[in-house]
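To keep things clear, I will list the structure first and then write my remarks on it.
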Amino acid sequence: MADVEQGSAVPSGSAGVGSAPSGGAEPVNGTAQFVSTAEGTALAYGSLVLMALLPIFFGALRSVGCCKSKNSSDMPETITSRDAARFPIIASCTLFGLYLFFKIFSEEYINLLLSVYFFVLGILALSHTMSPFMNRIFPTSLPNKQYQLLFTQGSGENKEEIVNYEFDTKDLVCLGISSVVGVWYLLKKHWIANNVFGLAFALNGVELLHLNNVSTGCILLGGLFVYDVFWVFGTNVMVTVAKSFEAPIKLVFPRDLLERGLEASNFAMLGLGDIVIPGIFIALLLRFDVSLKKNTQTYFCTSFLAYIFGLGLTMFVMHTFKHAQPALLYLVPACIGFPVIMALVKGELTEMFRYDESSPESEAAAKEEKERCEKKEN
């Protein structure tokens, strides 16, 4: 999580990277730098915390499986222990590759390609995010027609499905609204449009990326803990990429909003990785709560409060030392440590680490919870 100086490019990254807070009044490019007020800084930090909590909370609830998926593409992607162990290595290679790209090729053309790529992804992510809400507010008087997009290869017995996507009128409305936001982002790169796409990406990530057990979650968070600390404090690679990379993979909020309104440009920033990575672990603990069949959300609430504590500690340290901080340095110990201590106190530590979503018991519990949610909706 980090701040960005006025007039600089808004950095983006998976683990909170950016320039130091711009609370001073030293000149930048010959002009006086904006001095952020205490009220503006508090508003920015508070808004970032709130925006970070929303996709984790709603994404975790949706990850339980209350909404029945119509398409195989909406099914969750399970992260195994092998995937978790390889992820920091893959992320490091990707980060260093981007660093080399920005050093060799023109930054303008790379960001143009990235803008088009995230324009398409953002529309799809926002449409998927809006779909459950559209189901509730869509007028019953309007016809809701069903459609199917089908691409096949071959003929007869050798026919093979390449794409089989089912959708309805409600989905088309969501797609239309999302396209308007996408065009707004593509043309203006406004921070509100950036945040709309960023929230959609984060919520989809928490909902659709599933850890199969707590051990896998510890491996993933532990590996990215090292990754985050090394690339932020050990080299300038992540900072360089963050300053050059223009895409809605971060949440931003202006600290000069009270003075300049919607045209403000002195941003505080939180990378989506600092939301999604702890978020999928918190969502796993919610599903573990469901599997216990005790009608409590002890571990979800504990990890959720731990995330708030860790994020608050990140901001406090950054504001105190005036230096960008890798948020996972504080979030990982909090999000793992608090639930483990709670499990020790309750005597459920062994049960927590034995929980596996691929087991018949967990699948039955998820199915039971899904049916309960569907009855509540009806």
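The backbone N, Cα and C atoms fix where each Cβ goes, glycine too.
Under the heading region 'Disordered', TrEMBL lists 1-24 (among others).
The annotation compositional bias 'Low complexity' is assigned in TrEMBL to 7-24.
The transmembrane segment annotation in TrEMBL covers 42-64 (among others).
Non-local neighbours of the transmembrane segment (84-102) in the same chain are 14, 110, 211, 216-217, 219-220, 223-224, 226-227, 231, 237-238, 240-241, 244-245; each lies 6+ residues outside the stretch with a CB under 8 Å from one of its CB atoms. As annotated by TrEMBL, transmembrane segment applies to 84-102 (among others).
Taken from TrEMBL, the feature transmembrane segment covers 108-126 (among others).
As annotated by TrEMBL, transmembrane segment applies to 214-233 (among others).
Summarising the annotation, TrEMBL assigns transmembrane segment to 267-286 (among others).
What TrEMBL lists as transmembrane segment is 298-321 (among others).
Annotated transmembrane segment per TrEMBL: 327-345 (among others), in sequence order.
According to TrEMBL, the feature region 'Disordered' maps to 356-378 (among others).
Look at TrEMBL and you will find 364-378 tagged as compositional bias 'Basic and acidic residues'.
Contact counts against the transmembrane segment (298-321), taken as Cβ pairs under 8 Å, peak for 327-345 among the stretches 42-64, 214-233, 327-345. Below 8 angstroms of C-beta separation, residues 1, 36, 76, 132, 195, 199, 202-208, 210, 251, 253-255, 257-258, 267-270, 274-276, 278-279, 282-283, 286-287, 290, 300, 304, 307-308, 311-312, 315, 319, 366, 369-370, 373 of the same chain, each at least six residues beyond the ends of the transmembrane segment (42-64), sit close to that stretch.
With a cut-off of 8 Å between Cβ atoms, the residues of this chain six or more beyond the transmembrane segment (214-233) that come close are 15-17, 79-81, 83-85, 87-88, 91-92, 95, 239, 273, 277-278, 280-281, 284-285, 288, 324-329, 332-333, 335-336, 352-353, 355.
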